[in-house]
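Here is the structure we will look at, set down as C-alpha cells.
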Amino acid sequence: MRPEVFNREQVQAWEQRWFAAGNSSYGLMQQAAWQMMPHIVQSIDSLKQDQVVQHQTSIGVYCGAGNNGGDGWLLAAYLKRAGYGIWVYEVEPPITDIAKQAKAYAVAQQVRIFYALSQLPLADIHIDALFGIGLNRKVSGAYQLAIEQFNQGSGYKVALDIPSGLDANSGAVLGITCDVDLSLSVLGLKVGLLTGQGPAYAGKVINLPLIPPDDQLQVLARLDQQVPQLPKRRKTGHKGTYGHVLIIGGDENMGGAAIMAAEAALAGGAGKVTLLTHEKHHNAALSRCPNVMTLAMPAQAQITAEFAAQVSQSIDCIVIGMGLGRHNWGKAIWQAFLPVLEQAEAVQRVVIDADALWHLSAGHLADEQAIKTGLHQHWYCTPHSGEAARLLGTTVHTVEQDRIAAIYALKEKFDGNWLLKGAGSLSLDGQGLSICGLGNPGMATAGMGDILGGMAGGLLAQLPDLPLHEIVALHAAAGDILAKQGERGLQATDMLQVIRQVVN
Ligand SMILES: NC(=O)C1=CN([C@@H]2O[C@H](COP(=O)(O)OP(=O)(O)OC[C@H]3O[C@@H](n4cnc5c(N)ncnc54)[C@H](O)[C@@H]3O)[C@@H](O)[C@H]2O)[C@@H](O)CC1
C-alpha cells in the first residue's frame, strides 16, 4: 500500500469536518501530543544507548503562537510529568483558545518557561513547535532568530508536524527553516516534507494519523517507499516477446550518454536494443556491449521522415535525446522522428529525455494539435528542474519553489506522462501524482538520467502499461542498493550491475 500524501488545504478541511462532527479540537491536540510522546522517549533512549547522552536528559521546546505551539506546550507538559528535564522557549504567547489551554496545562505542570533566547539552557533534544501548517509568509523577526538559534544548538532535533519555515505545500523554504533529524507529522503526510527542500530539512518522517479518513478526504499524491514487484516472465517467452528498444542519441562528441542508455535498456530486461548514433561511437558501444545492435546515422541531408519511419519499424519503444545535441544534427533528427514519435500506432511507447526535451521546448513540434487532442499519452518525458523550466518558459527557481505546480503545468502544456527528477522525484502518470520516497544523494551524478531513460525504455518495451512511478521507484531502489557501499563516488555505470536485482 502506497501511503497517501496531502496538501495543507486537504488536511485543514479534514480537520474541520472532524470538529464539525462534534469532536473536540483540544482533544485532537491532546492526541497529537500524546502520540508524539513515545517517539521522543524512543529518541532519548537511543541517544542514551549510543552514549551520546549519559546524564539526565534535558529537552528544550520552541513554541510559537498558534496550534503548533499548542502541541509543543502539551508535549512539554507530558514529558515533565514523565520526569524529564524540560523547558519551553515562548516566542509569542498563544493566540488560539486551545493553545492557551495547552499552555495553562504546562504551567500547571511547572514547566520552566524562558522568554529570551540568550537565557536558554543547553538541551540534548530540541523540539520545534514554532509553526506547523499555518505558516503563510516568510519567516522574520523573533521567529527568524529563534530558528537560527535552534539550528545552531547541538543535539537531536525534532519538528512537530513539519519543520518551521518549510512550506507544507511545496517544500519551499520561506526565508529560513528548522533543520531536524525527525519530523512527527500529524493527521496526514504533508507533501512539503517530501518534495522541494523538504527532504533536506525534515530528517526521518513519521506520520501519526490520529483520526480515521472520511469519505470527502482528498488525496494529493501517493508515496513510493517499496520496490515494485514486476510480473514474472513467461516460460515460453523469446527475445521478441520482451520488446525492441531503439535508443536515439549521441552526437559526435557525446556518445557516452546514448551508450549508457542502451546498456540500461538491456539491464532493464529489453529483448533487443538498437542504438542509432553517430558512427564514431559504434566501436565503443560494441566493445562495451556487443549485444546491442548499432545503426549508423546517415549524413544530415538523409535524415528524413522516411528514414525515421523505416528504422522505427518493429520498434516497441523509442528512447530519444541522450547526447543528441542542440545543434543542426540533433534538430534534424528530432524533426525527422517527430511524425513517428507522435503516432502511438507507429511506436507504442516513447521516452523523451535530455536534448530531445530541449528541442521540444524550442517548439519544434510536427503536430501542435496532438497535445490538445491527447495524442501524447504514450510519451514519457523525464526532465530535471532546468529542463522543466525551459519547457515552461520560466526559471529554475520558480520550478523549484513549487515542483508540484510545475509538473501539472508540464502535463497541461504537452500532455503525456511526466517525471520531474530531483530529491523526492515527482511523477504524473495514469495513476495520478506520485512522490518517490526512495533514492539518495549519491545518485546526483552525471549519467544517472541517461541510465533512467534507458531503463525506462527497456521496461516499457516489455511492459507497456507499467506506470512511470514504478519505473522511477525501481531506478531509485537500484541506487539505494549501491549507496550501501557509500553514496560518494557512486557512478551511473555502477547502476547496470544492480538494475537486474530490482527488476527480478
Ligand atoms: N486542533 C487542532 O487544530 C490541531 C492542530 N494541530 C497543530 O496545529 C498546527 C496548525 O496550527 P495553526 O493553524 O494554528 O498554525 P501554526 O501554529 O502553524 O501557526 C499559526 C500562526 O502563525 C502565524 N504565522 C504564519 N506565518 C508566520 C510568519 N512567517 N511569521 C509569524 N507568524 C506567522 C499565523 O498568522 C498564525 O497566527 C498543525 O500544524 C499541528 O501542529 C495538531 O495539534 C492537531 C490538532
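Heads up, the Cβ atoms here are built off N, Cα and C, so glycines get one too.
Predicted, not measured: the structure shown is a model, and the values here were computed from it.
Listed features, source TrEMBL:
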{"type": "DOMAIN", "residues": "11-218", "note": "domain 'YjeF N-terminal'"}
{"type": "DOMAIN", "residues": "222-504", "note": "domain 'YjeF C-terminal'"}
{"type": "BINDING", "residues": "ALA257, GLY323, HIS384, ASP450", "note": "(6S)-NADPHX binding site"}
{"type": "BINDING", "residues": "LYS421, GLY422, ALA423, GLY424, SER425, GLY449", "note": "AMP binding site"}
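Looking only at the binding-site residues ALA257, GLY323, HIS384, ASP450, the one with its C-alpha closest to GLY422 (AMP binding site) is HIS384. Apart from LYS421, GLY422, ALA423, GLY424, SER425, GLY449, the residues listed for AMP, the same chain places the Cβ atoms of HIS384, LEU420, LEU426, CYS436, GLY439 within 8 Å of the centroid of those Cβ atoms. Shown in sequence order, LEU420, LYS421, GLY422, GLY449 are the residues of the chain, 6+ apart in sequence, with a C-beta less than 8 angstroms from the C-beta of HIS384 ((6S)-NADPHX binding site). Other than the site residues ALA257, GLY323, HIS384, ASP450, same-chain residues with C-beta atoms no more than 8 angstroms from the centre of those residues' C-beta atoms, the (6S)-NADPHX site, are GLY249, MET260, ALA261, GLY321, MET322, ASP353, ALA354, ASP355, GLY447, GLY449, GLY453. The Cβ of GLY424 (AMP binding site) has GLY171, LEU194, THR195, GLY196, GLY198, PRO199, ILE435, CYS436, GLY437 as same-chain neighbours under 8 Å, each 6 or more residues away in sequence. Counting in whole angstrom, SER425 (AMP binding site) lies 15 from ASP450 ((6S)-NADPHX binding site) by their C-alpha atoms.
Separating the Cα atoms of ASP450 ((6S)-NADPHX binding site) and ALA423 (AMP binding site) is a whole-number distance of 17 Å. ALA257 ((6S)-NADPHX binding site) sits 22 Å from ALA423 (AMP binding site), taking the CA atoms of both as reference points. Cβ crowding, taken as the number of other Cβ atoms within 10 Å, peaks at ALA257 among the binding-site residues ALA257, ALA423.
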